[in-house]
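Written out below as structure tokens is the structure these notes cover.
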């Protein structure tokens, strides 16, 4: 799964600009399912039909990543920008950016005050995105446009996937390309497996800017359907130790009871815990007020959909150095696979 994850991470697809990643995923899943479509918002929805179609299960992961959009081009060639998704302004200075231009990519750097000048200041200025800029190597607005960059051009952190230590990987957009990788690997594994019910897979858009894709993705589900979202969750095993409920890398996926957007369905999470225990799949239990997933929107669709969440612990979320343990990813896939066999 690491090679697949690397391919996904290396693609650019910030919120609202997911076409490249959606097309990549679509090519992968077409041979593996019975139906594939994109809705008007851009969600990619696939269906693997069961023999009886008496039960339905939706699995979901979002395609988009945090990023940037060009808001203004200064006369001197620097770019002002807005953030796409929740990014801490403090991590922005001196970051490399990959901008999608008219023809290919252009690279830029978010400017920073050199340490030599900081020493001359009585107080280091606070960091605010509104004061920051991107340097793309241009000296005028005309040169910027000649590079194929204009207002509305989008970019992402530069952060290819790298192996680290024994079973860890680090890079940008693991939130939530790792969820996409799990679902793609699941569909591969389900080839030749006969299911009784229908399996829906939704690769959603614009999660990072308000769960927008998930708000509409579940509307076509049958009334009896249940749903499970897969996403990252914040690992709390670093020296800061800010949370009492310690979520660790390498200790298995997290079966989420509560986050900032959902109290998960009790039957789904109980079934998952039983599956994990019976199959000796390591898992953790999550209760947190930090972060939401698409599950919060799916749960509220129409008259309500019974929804659960499986999360993979991730350090340094919403940064170009997101870090996960590949073992947690593999166990998340195994947990979902066994859950599918029982549920459908």
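Any Cβ shown, glycine's included, is placed from N, Cα and C.
Taking Cβ-Cβ distances under 8 Å and a sequence gap of 6 or more within the same chain, the neighbours of residue 62 (Zn(2+) 1 binding site) are 176, 179, 203, 204, 205, 206, 207, 208, 213, 214, 231, 294. The Zn(2+) 1 binding site annotation in TrEMBL covers 62, 175, 231.
Residues or ranges marked as Zn(2+) 2 binding site by TrEMBL: 175, 208, 318. Under the three-state DSSP scheme, residue 318 (Zn(2+) 2 binding site) falls in the coil class.
According to DSSP, residue 207 (active site, proton acceptor) sits within a helical segment. The active site, proton acceptor annotation in TrEMBL covers 207.
Every protein chain considered, the tally of other Cβ atoms within 10 Å of the Cβ of residue 208 (Zn(2+) 2 binding site) stands at 23. Cβ environment of residue 175 (Zn(2+) 1 binding site): 65, 66, 231, 232, 314, 317, 318, 322 lie under 8 Å away, each six or more residues apart in the same chain. Within 10 Å of its Cβ, the residue among the recorded positions 207, 231 with the fewest other Cβ atoms is 231. A sphere of 10 angstroms centred on the C-beta of residue 318 (Zn(2+) 2 binding site) encloses 22 other C-beta atoms.
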